[in-house]
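Asker: Mind looking over this structure? Questions follow.
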């Protein structure tokens, strides 16, 4: 059926900020969908609150609204734009839930707006646990015994009836939010209560656990003519019981017999047809490893995380196809863009193995609960492609950018047998390394299977790699063993370690004997049809399919997996760099390892290499492509860390030189530059021993800021107020080495700001200065920021501009850089310089209209700022005021302290823009789900040193009609200052009392918690427990008084003044 001509304007709802469970994959799918709809001639209106995405670029849709994803906000835009239809199935769970909420308000019926793609009834049938169960039973498809409940008591009664373990699955949530496995009555009571609170319809499915079954996923497509097809079948390495987002995944399935595959394929097709889904959907199934029994777990009636993985694994662009199906086209009339000759109804065939491994945030949160279950904890993922499962898995491990570069972990090696068995029975994020260690210690396949329930085939893959380690170690410099090792994915670094050599020696031996990788094409059809996709992976098997073209080429290194501190913002910069290179006539080549992102869409660059971002893999691509040079400024710390090694091997680093990159990052050299330019910076000392750190702190006087050098995202950075705290910090970060000294700085309390600057060596352009709303001490990635600045005088802005220009020229910056300042008493202090793109590039690019990554790329390639039409100094400020607010995923990470400090904790961001600061703040808070009633109850739990500062804030809350709750000390102080305060008892006082803090939170009496008890970082301390309870109960929580002040500004703007005349 040809595309529809009765609709002209389509609204696409985005997925909002990045949180655990909903990451960059929706930027990828949303971008694809918008472009596909525009290609077909429709006007596209996009609504999304996340400025860090390619999707919210003005080139992606005809109209782009970066506004809060609330019913009020989206309804206002609908009334402004009058779209004919809305496409909600590409914005993840947020987009789906928004469509349902809009339908309930009646606005869609009132304005005759149609929902494209999957119909509302189908969405409800798939997402509503009870309706879905009824459908499966009607179709004769098996589901585990279960019951839908709306109250905790019903959950407990059902648990007693069918026995434990039991799985709780809240309705209309994603990433396993609020769910979990319960082994007893108490766990079920707690998890069911939490799940009911987090489900937008207050409903949970309580089902008998089938943990231990194989977990299989099918990505399925269907059109309005009932053509349906399987895009991809994926098999989880981990059995049922671990969320698929936290599981290692292989495609195609590795252990299914043809009979099992066909049986599960038929079930998936039957389900998508019965649900009448139009577009893409994800079916999750559980298969008994010992029989042909299976159960249906769930269906996601939308494009999902797995769809992005399936798209990259097969080359089949699911979101693009789903968008075309939504406008009425059918699979037999849509061309497959990979081959250009076959149609979209042909099922992809793979002649390689894909392995996905999740990337977890526990390097940032060492105290978090790392045990994996049905609630997702990973922030991102990597994907690798090889000819064998071993090769794909090894390459994926190398892509993770963690301490382990292969299957050997020093921590696992030191563990006792008991500890290893514990880790296998209760799997954590690092289980793969403990599996390998178990085989090193002689555990049999049967032993390990008994402990883990992981399929024998996957265990054998791990065991084979451990056996290969021994063979490599026993045969140094043996060419046959080297060939075999490379075939199974062993890196030069690992081989060098086993041979007690340097990686360069292994590389030289390889190259001298012609042992070099070939590059194979990902073509969706296992080479059955002619294909010209510029999408490649390396392997040591067969002939090379990637040829160097005649054009001049430049390699842009991506930023790898999404993690806290290095998010989708860096992918945004990578994509824009590619666009600029293409406009300048260069062949733009991307190397990256992240399946969720736009940069790894093969239609974005001229050539895509899906490879680990290691020195070996990047050099191999450089050897083949012989580029003009490599750009490292846009891939965050990942690409910067590769610069020196690439240069050592003769690869030209474009833009700022390696020597100058080092001068910015090396503390002593940087201090010399600051001194020579007569600039201010907080007094600081460097120490390489624990004693040295203690001495430095005494010399400077507390509080001090301590951090390791060469870090991103403030990892292991803390403000320390006393000797005891410093000793605890050193105990927690005991791995300080000579080559990574600790920096100890005098902690300055002032206004912090961020500047991104572009320099060509003569002219320095400052697109804007972003003022932080929180005082210094909160990491810039976790701080709210406003542009243009609201409290800086012209004189201060001039000083910041002047210092930025001096530093850019002194550091010989060529391209982009980021500087962080503290402004105190009119003086400007330099905190740090990052000689690369920062996470603020997308935000600032969107609101200034200056495409910073593109301008910087042109500078890197030799085009001056003057030639591009930019003048020296600070760019003119726009009329609109824009606020960036961080978004956190604490509800997914048990035991992570939510108190904000110098170590970054946010996973995403939103933006609010308006003509006044208060309105921009209101939108930013609304986008970050911090919407408060006009009057309510606020709980104040304040450290003694903040008591004076809280007084004006408390008075303003009282003035707009809020009741104030506080514990004894704070309450007495506020009462003395004429405020009416409701007294609550402390955490460990009368725990049964109704007015105990925790009971007040549990009973839903509190609308906002302000908690500045930053020293209460122990898990049993009052401050920590209150913060955790607020997060569990979904109560907005602020830990910085500046944020409370900003929130008040937005609330005061909404409320009317009620002043007595007398």
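A Cβ is built for glycine as well, from the same backbone N, Cα and C atoms used for every other residue.
Straight out of Swiss-Prot:
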type    : residues                                                   : note
BINDING : 129, 169, 175, 176, 208, 210, 215, 241, 242, 243, 284, 298 : ATP 1 binding site
BINDING : 284, 298                                                   : Mn(2+) 1 binding site
BINDING : 284, 298                                                   : Mg(2+) 1 binding site
BINDING : 298, 300                                                   : Mn(2+) 2 binding site
BINDING : 298, 300                                                   : Mg(2+) 2 binding site
BINDING : 707, 746, 748, 752, 777, 778, 779, 780, 820, 832           : ATP 2 binding site
BINDING : 820, 832                                                   : Mn(2+) 3 binding site
BINDING : 820, 832                                                   : Mg(2+) 3 binding site
BINDING : 832, 834                                                   : Mg(2+) 4 binding site
BINDING : 832, 834                                                   : Mn(2+) 4 binding site
DOMAIN  : 133-327                                                    : domain 'ATP-grasp 1'
DOMAIN  : 930-1062                                                   : domain 'MGS-like'
REGION  : 402-546                                                    : region 'Oligomerization domain'
REGION  : 547-929                                                    : region 'Carbamoyl phosphate synthetic domain'
REGION  : 930-1062                                                   : region 'Allosteric domain'
Asker: Please find which two of 707, 746, 748, 752, 777, 778, 779, 780, 820, 832 have the most distant C-alpha atoms, given that the record lists them as binding ATP 2, and give only that distance in angstrom, rounded to a whole number.
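Answerer: Comparing all Cα pairs, the maximum is 18 Å.
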Asker: Based on Cα coordinates, which of the following binding-site residues are within 10 Å of residue 834 (Mg(2+) 4 binding site): 284, 779, 820?
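Answerer: Near residue 834 (Mg(2+) 4 binding site), where near means Cα within 10 Å, the binding-site residues are 820.
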Asker: Between the binding-site residues 208, 242, 284, which lies closest to residue 707 (ATP 2 binding site), Cα to Cα?
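Answerer: Going through 208, 242, 284 one by one, the Cα closest to that of residue 707 (ATP 2 binding site) is 242.
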Asker: Nearest by CA distance to residue 208 (ATP 1 binding site): which of the binding-site residues is it, out of 298, 748, 777, 779, 832?
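Answerer: Comparing Cα positions, the closest of these binding-site residues turns out to be 298.
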Asker: I'd like the per-state residue tally for the region 'Allosteric domain' (930-1062) from DSSP, helix first, then strand, then coil.
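Answerer: Counting residues by DSSP class gives 56 helix, 20 strand, 57 coil.
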Asker: Looking only at the region 'Oligomerization domain' (402-546), how are its residues distributed among DSSP helix, strand and coil?
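Answerer: The counts are 78 helix, 11 strand, 56 coil.
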Asker: Just checking: which of 298, 748, 777, 779, 820, 832 have a Cα that is within 10 Å of the Cα of residue 129 (ATP 1 binding site), counting only these binding-site residues?
Answerer: 298
Asker: Can you count the other CB atoms that lie within 10 A of the CB of residue 834 (Mg(2+) 4 binding site)?
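Answerer: Around the Cβ of residue 834 (Mg(2+) 4 binding site), 22 other Cβ atoms lie within 10 Å.
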Asker: Excluding near sequence neighbours, so keeping only residues 6 or more apart in the same chain, what lies with its CB under 8 A of residue 242 (ATP 1 binding site)?
Answerer: 236, 372, 373, 374, 427
Asker: To the nearest Å, how far is the Cα of residue 779 (ATP 2 binding site) from the Cα of residue 832 (Mn(2+) 3 binding site)?
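Answerer: Residue 779 (ATP 2 binding site) to residue 832 (Mn(2+) 3 binding site), Cα-Cα distance: 12 Å.
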Asker: Calculate the per-residue pLDDT averaged over the region 'Oligomerization domain' (402-546) and state the result as an integer.
Answerer: 94
Asker: Near the Cβ of residue 748 (ATP 2 binding site), how many other Cβ atoms are there if near means within 10 Å?
Answerer: 21
Asker: Other than its own, how many Cβ atoms are within 10 Å of the Cβ belonging to residue 832 (Mn(2+) 3 binding site)?
Answerer: 17
Asker: Where the distance is taken from Cα to Cα, which of the binding-site residues 300, 777, 820 turns out closest to residue 832 (Mn(2+) 3 binding site)?
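Answerer: With Cα distances computed to residue 832 (Mn(2+) 3 binding site), the winner among 300, 777, 820 is 820.
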Asker: Spatially, and counting Cα to Cα, which of the binding-site residues is closest to residue 777 (ATP 2 binding site)? Options: 215, 284, 298, 300.
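Answerer: Closest by Cα: 300.
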Asker: Can you grab the distance from residue 215 (ATP 1 binding site) over to residue 298 (Mn(2+) 1 binding site)? Cα atoms, rounded to a whole Å.
Answerer: 11
